[in-house]
Amino acid sequence: MKYHITPSHTFMGTCHVAPDKSISHRCIMFGSLANGITKVSNFLEGEDALSTLQAFCDMGVKIERNDDKVVIHGVGMNGLKAPSKPLDMGNSGTSMRLLSGILSAQPFDSVMMGDVSLSKRPMERVAKPLRQMGAVIQTTGTKGTPPITITGGQSLQAIDYVMPMASAQVKSCLLLAGLWADGTTSIIEPEVSRDHTERMLRAFGYTVVVDKQPHGNKISITGGGQLTACDITVPADISSAAFFMVAATIANHGNITIKQVGINPTRTGVIDILKLMGADICLANETMMGGEPVADIMVKSSKLKGINIPAHLVPLAIDEFPVLFVAASCATGKTILRGAKELRVKESDRIAVMADGLKTLGIDCTVLDDGIEIIGKGDEHQHGKRVFTGGKIDSHHDHRIAMSFTVASLQASDAIIIHGTETVNTSFPNFAGLVNGAGLHVNVKNDVI
Ligand code: S3P
């Protein structure tokens, strides 16, 4: 698929963006392993979360789905069955990494594979500590990449693990393996990373101990317990809301309300960074939903200034940098991001791929080993000129690259054509329809090359 997008000026309205992807994955995993029936409302019907759902169906869990309503008949900690074929994780790193922890503790063998993007992503970051716990796990790709093969029937031992990077996926993988391990598994993170696993374990009645450290947390879990089913309503995904937040900020006429978005403090780096840049963002109707804080987010057009992005905000906005680079391009002055090497191993190398796309659209930027410098065109923007030219962009099978350059059309002088937009369905199935409803001109076409 490709998007053919003509320039627009307005981004307005009230909308519900896609449900949270991280939380949707975890509902399926914990619901499947729990005793009893878990009912999920507002489940993300995106391909990534559906890959997780299918994997648990393949392991004998009865899961009924009616649009965004999902009913999971939990099989308990020892009830998963051997899948009859390799588990296909599609584009989803979260599915593959979290399931590595679960599958390492099962009595049966398993294989996981993925699409062209997932097949390039590093899996030794989970395989190595799992081996320390006694797992027999191989990354059979050329560079510690998928497919992953796991030999079941091992008894896992708890470990103390100092994570080399702030990764919620690695942390969650090891906490999940720790559910079956003998003893107390402790993970120390170098910086705080998203804590949905810790929150959901507690919602399912499992004890998790969190000790605050100078930077990240130490999270401990003792194996051998049980999970008890519960009902969960998934909030809207702040990572999906980020496209709407930047769109309303950079539009000449922007005024948007995004309803009931998850504002877990381990995910709100995008709000903090945009506010530091001068964005006009307010929260209203704050409440709790299934152990997670939510709020309506209101955003209006504003003039942005370039900033040095504070290091502690990097893991808290890790998925939002592609669209933040679009915001930085519209700011006055230079924006500098450092300490963000993790961006190089996401669904694409998001530093290189965004830099290529920004240059195509006329933005001066410099790629750094662990970040980027972007010279914003805010001054020209304030004199009524458009920030971006038109041009052709390759999304490199990365949904967030495709959606970020879609937002750039609000400040483009000519059409932007984005190739490889089918992966938008992994996290935000109705993206094009919703942004068009708010004022964009996105035409979705078949991409015949
Ligand atoms: C996720 C964690 C993050 C994030 C990903 C989802 C999760 O990855 O980028 O989109 O649900 O745990 P890392 O843990 O690799 O930073």
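Here the Cβ of each residue, glycine as well, is placed from N, Cα and C on the backbone.
TrEMBL does not curate its annotations; it predicts them automatically.
Among K2, K143, K341, K346, only K346 appears in TrEMBL as part of the 3-phosphoshikimate site alongside K21, S22, R26, S167, Q169, D319. Within its own chain, R400 (phosphoenolpyruvate binding site) has S239, D319, P322, V323, K346, E347, R350, S427 as residues 6 or more apart in sequence whose C-beta sits under 8 angstroms from its own. With respect to ligand 1, the recorded positions S22, R26, S167, Q169, D319 contribute S22, S167, Q169, D319 as residues with a C-beta closer than 6 angstroms to one of its atoms, given in sequence order.
If you take the CA of G93 (phosphoenolpyruvate binding site) and look 10 A around it, the binding-site residues you hit from K21, R26, S167, Q169 are Q169. When the Cα atoms are compared, R26 (3-phosphoshikimate binding site) and R121 (phosphoenolpyruvate binding site) turn out to be 21 Å apart.
A Cα-Cα distance of 13 Å separates Q169 (3-phosphoshikimate binding site) from R121 (phosphoenolpyruvate binding site).
The binding-site residues shown are K21, S22, S167; of these, the one with its CA atom nearest the CA of R121 (phosphoenolpyruvate binding site) is S167.
Counting other Cβ atoms within 10 Å of each Cβ, the lowest count among the binding-site residues K21, R121 belongs to R121.
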